[in-house]
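Below is one structure; the comments refer to it alone.
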Protein chains: 6
Amino acid sequence: MRPDGRQTNELRDMQIIPGWNKHAEGSVLIEVGDTRVLCTATVEDRVPPFMKGQGRGWVTAEYAMLPRATGTRNQREAAKGKLGGRTMEIQRLIGRALRSVVDLAALGERSVTLDCDVLQADGGTRTTSITGAFVAMALAMQKLVDNGQLKKLPITDYLASVSVGIVNGQPVLDLNYAEDSQAKVDMNVVMTGNGAFVEVQGTGEEAPFTRDELNALLALAEEGIGQMIAKQKAVLGSVGDRIEEAATYASRS
Amino acid sequence: MRPDGRQTNELRDMQIIPGWNKHAEGSVLIEVGDTRVLCTATVEDRVPPFMKGQGRGWVTAEYAMLPRATGTRNQREAAKGKLGGRTMEIQRLIGRALRSVVDLAALGERSVTLDCDVLQADGGTRTTSITGAFVAMALAMQKLVDNGQLKKLPITDYLASVSVGIVNGQPVLDLNYAEDSQAKVDMNVVMTGNGAFVEVQGTGEEAPFTRDELNALLALAEEGIGQMIAKQKAVLGSVGDRIEEAATYASRS
Amino acid sequence: MRPDGRQTNELRDMQIIPGWNKHAEGSVLIEVGDTRVLCTATVEDRVPPFMKGQGRGWVTAEYAMLPRATGTRNQREAAKGKLGGRTMEIQRLIGRALRSVVDLAALGERSVTLDCDVLQADGGTRTTSITGAFVAMALAMQKLVDNGQLKKLPITDYLASVSVGIVNGQPVLDLNYAEDSQAKVDMNVVMTGNGAFVEVQGTGEEAPFTRDELNALLALAEEGIGQMIAKQKAVLGSVGDRIEEAATYASRS
Amino acid sequence: MRPDGRQTNELRDMQIIPGWNKHAEGSVLIEVGDTRVLCTATVEDRVPPFMKGQGRGWVTAEYAMLPRATGTRNQREAAKGKLGGRTMEIQRLIGRALRSVVDLAALGERSVTLDCDVLQADGGTRTTSITGAFVAMALAMQKLVDNGQLKKLPITDYLASVSVGIVNGQPVLDLNYAEDSQAKVDMNVVMTGNGAFVEVQGTGEEAPFTRDELNALLALAEEGIGQMIAKQKAVLGSVGDRIEEAATYASRS
Amino acid sequence: MRPDGRQTNELRDMQIIPGWNKHAEGSVLIEVGDTRVLCTATVEDRVPPFMKGQGRGWVTAEYAMLPRATGTRNQREAAKGKLGGRTMEIQRLIGRALRSVVDLAALGERSVTLDCDVLQADGGTRTTSITGAFVAMALAMQKLVDNGQLKKLPITDYLASVSVGIVNGQPVLDLNYAEDSQAKVDMNVVMTGNGAFVEVQGTGEEAPFTRDELNALLALAEEGIGQMIAKQKAVLGSVGDRIEEAATYASRS
Amino acid sequence: MRPDGRQTNELRDMQIIPGWNKHAEGSVLIEVGDTRVLCTATVEDRVPPFMKGQGRGWVTAEYAMLPRATGTRNQREAAKGKLGGRTMEIQRLIGRALRSVVDLAALGERSVTLDCDVLQADGGTRTTSITGAFVAMALAMQKLVDNGQLKKLPITDYLASVSVGIVNGQPVLDLNYAEDSQAKVDMNVVMTGNGAFVEVQGTGEEAPFTRDELNALLALAEEGIGQMIAKQKAVLGSVGDRIEEAATYASRS
């Protein structure tokens, strides 16, 4: 039995509120259990220096936690004067994951920046950020289509992410903070709508894990991500239909 | 006629949602028009080095804007590696203003940190932060009373803040971003429930102002702040009653 | 009776020595009581990026204290690796105040940087910096006229600044450090030669203040600033005459 | 056929020279193909603040590349004034991996810092660092045993790491730089002597990967790491025997 | 003939004004030609961490140039967020030079910090700083004697510094900026009252120099420093007499 | 008798291994006693901003110590976020010394960066860096000649460096760490193949030194540097012959 009464293969409640920020080209407030992240997508007509002149776009992400997103207050990284290793690792992960489902050539020389700000944390902030940022990105790119700046959505498939881990010897899906702090093995998985893996990051610092345990964790992740993508589709409506077509087409080829 | 149809002495709609963050000792989500700020109050049993051993507490504030709180995206200060001058000026103002209504000796060697994070900006983010942070602080201090750590609320009066300015030659109350960008004179006023001034910061960079104009602006601010404090009282309920008593008592003495 | 025997409405001795630095386009060593500030004005034929291509100039300021300007030594901000909030607040104030009396369009795409370095501090360093920097700026701009780079002085009025405050329940003018440390209310006022306000920054962190107190403080400031501007005129000589004409003309229109 | 003529499941030549640095408690120069890393282990009789007073030790790592370790020169992070995201990610990984085979309680309140400096890079610098740092750490800890500071080696198993990836549609083992730059899927694997996983970090930014591909990559990694650990044993000699005993014991329990 | 008409072995005019800063324990404004440096000495009853508990004192220096000390404005190091290499090199030199004539054991666990701020530069700012800082330090240490905190002045000899160089093929003494910029060889020399060398820093980046040239430069420096020390004595008066006695005593032993 | 049995005028063993790094245009691993430095030379077809458009090249150096190059571990400067004063002083010295024997006009608008990374330290790391970097630079510049990018080697003479000092009252050559820590006078000397001085940096912080002592130290340095240059020639072979010709030609003119 899990602390909040969930089954081992049960996700927490998930809510995605689109358009929560009036300025951003795309935005969502995503809540997974008590984890609450504001994801905004900003479109700019320029790319970073290393991408210039290639006719291709770029997708990148930044991640931060408000100081009191957690049980005790954390000092702001702006006040410390530098980004911590954890922050950098997470924002690199989010950016990499999102780029895996974007056709950067089709995007053209534009950049999309996903800002994922954790307003309240209860485990799974990086996976929740990816799941929410995908929707914010899709909304922002759809605006480029609506404005006539792009012919079609440069997204090749859905994308969502969840954490899995071994807690009390049991593989479980979507760990909250209490579970995360006592997990022996901790794994973050990012998958596409077609069921392929984009990232698998498993760590057994507390206790190395076997091939069988790895397989059990991947199975849980697959199941959870499928449900998350269904909710993304519900929020995206007609925008989502076009992603689905692209993904179906891609999976056939 | 103002851009959003308000009278010159009319505030924007204001909403204060208490308890928006589950971890903080006190928190509110405050919305003034389209300006939306999350204010959390963190209580810690220690004071900064310069305050140690005096038996008195400390109240301080930090302020930040999410990158896409504004019409175009701003680079994070954490990524730049330093706080900008505007940020420092604002957080010093918020902390100073709040301390003016706290009895630091009665608070004991504790610190209360107010984090004001602007989730969406449309003018008046610093005054909205003060108005919201006051409520978050009161809620956190009430918790100290409820826990038996303090005998009574160490707050001496209500506190709220509003901006006023001269736009198109006309003194107006509570400027939104569109008005703020074309104001010739810009003033932020912080006042107590007893109607005394805590901060008056008027700037006529575009056009110096006369004594009469100053008086007209102060009158507008007084009117607006009175209405804001009425809303704070409604949110604070019985907590607010004790502040009122303290203020009444103080004003008599 | 004040610690140094002055009347409540009496300024400290003020000395302005023009040309104290041989390299700068304009410079003064200004002494107000024991507060001693070196103000240099540097003219450069370029403007900051955000001003480029508008045909307008820019005026900005930097402020610093030598480590032993004060009673105990302060660590250098260069050694700390960052500017403190107080420094940023002050240099933003100085720049804003000076720009209020400059016709930036008439200045053309040039920038004038005022460096205000406090060599010795005894209260009022920010107001003294403004009063001195105005003269250094006027001298530097006059050089542009003398060189034929400008047709006429792009200054629209005189500008000076003083602090006022409530000390021992008494409104007083031009606080020295001893008075400043025990003031309940502290206010910095910047005014033009025509008697208009450019900045009013009043803070009642220790004790909120009433409308009447505010009025008494403003009256003291008006009186003091008038005397300061008379001294600026004496130092500027014929350069000053042209400012006066511009101001007279402006006040009529 | 791979660029350097290796089979898909063939490691590059690997050399481990122990004692390359005369000052460090443990050190190796490790070469895997043309990748050359100096790993030093420093033992100190103190732990980081967050570990104090728990009677347990700490193992941590730092990683850096010399500016000309690569084909074109990289700016030093010391000159930039901050560590990049990649560096932080790698050093967190190395530390985490090493801690997984250390009995921190048995180590006592001591810290071991592994410095991994890449003198020349040709792919796989993070995995080579882990494989080399393990040996340097074992040598340093053996010195604690030899000095009588520890009763027995606080290491529970061998540890080594290798990269695998999909290059030209083919899963291959131990990628050099040329292969790494064209890999569609890239995975770093860390395993113990007992064949358990400590870290699995797979990324399909260029092309998501299937469960079958994941399995093929893990099989290659298992094979390569087994060979690497055999070489570590040869270098460690009698020190290695004790690790083996500990691991055998651990795997039985 | 030199640009300002001096002989090759002629110093510029030198003025030392003691007590220029009212707060510092010792201070001088020193002018050598148009180079003008404010040197303040701060005494504190503590030593840096690496000196604690040894019963010995410490002398250290900091050096900075005001932005407009030079012909064109230099960006502040505080604004850049770090000290440049030149600044660090100079302040290390000043501290080292001063320590060479201080009996740190006799000073006791106190530190003396010499702040050398260049208000106007015209060549030789580092040598002028040393010559001025010596006097400021002596005044501050005398105050410790006067207060009864020290029995006798912990200074073992006079100390002054000058630059020499080869300009237009000619060895010259005390270069101003114009000469310095065209010198082929540039040397800074620090000597004691007894005529011993404390620092010799000669650089022939533009043209290596011979042993004979080196000797000619050292002879010029010896001559100039002797004259500088005579002026220091005149300023120090009776304080200086005690230094002379200490030095005489030291030179005999 | 010296700690390692050397004569007062005896160098430590010196080894220069060219081509130790496969990526750099020129590289050596240099060992002087137990001091071991990796020097790489990077050639780039651009110069720093302040050199642009002059048709001349630039030579610069960076210096660093690995954390465990020394007996106790030093924190990385990249982790501290800034370069220390000692590092800056040393890298400025190395760059300046190397430029003294390069014909920057003949080099053309190219820059050569010498990275000197101390892998193990036992005294004399800055002088060893200069001696090694000279060879790495010569190899890199020879490559420009071999590629046809330059007509002839833009080097005007050999260059090497050694430390000398007074230890136990005795002038000695090439101090190791044990000697360096107890030296009363410490001097670094850089000389050319023609026997001219490029840098003389003598410091008598512990005890001022006389003209005779200075002369004895310079004589030792001359002798040692002559032997070092002989070893550089042996390593450089035919490249060295061309430097010798240039130097002979230069010394005649």
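Each Cβ is built from the backbone N, Cα and C atoms, and glycine gets one as well.
TrEMBL names E:Gly124, E:Thr125, E:Arg126 for binding phosphate. Of E:Arg73, E:Arg76, E:Arg86, the residue it gives for the same site is E:Arg86.
Annotation note: E:Gly124 (phosphate binding site) sits in a coil segment as assigned by DSSP.
Listed binding-site residues: E:Arg86, E:Gly124, E:Thr125, E:Arg126. The one with the lowest count of other Cβ atoms within 10 Å of its Cβ is E:Arg86.
Between the farthest pair of Cα atoms in the phosphate binding residues (E:Arg86, E:Gly124, E:Thr125, E:Arg126), the distance is 13 Å. Compute the center of the Cβ atoms of E:Arg86, E:Gly124, E:Thr125, E:Arg126, which mark the site for phosphate; besides them, the chain residues with Cβ within 8 Å of that center are E:Tyr63, E:Ile90, E:Val118, E:Ala121, E:Gly123, E:Thr127, E:Thr128, E:Ser129. Per DSSP, the secondary structure of the domain 'Exoribonuclease phosphorolytic' (E:157-223) breaks down as 19 helix, 29 strand, 19 coil.
For the domain 'Exoribonuclease phosphorolytic' (E:10-140), the number of residues in each DSSP class (helix H, G, I; strand E, B; coil) is 42 helix, 41 strand, 48 coil.
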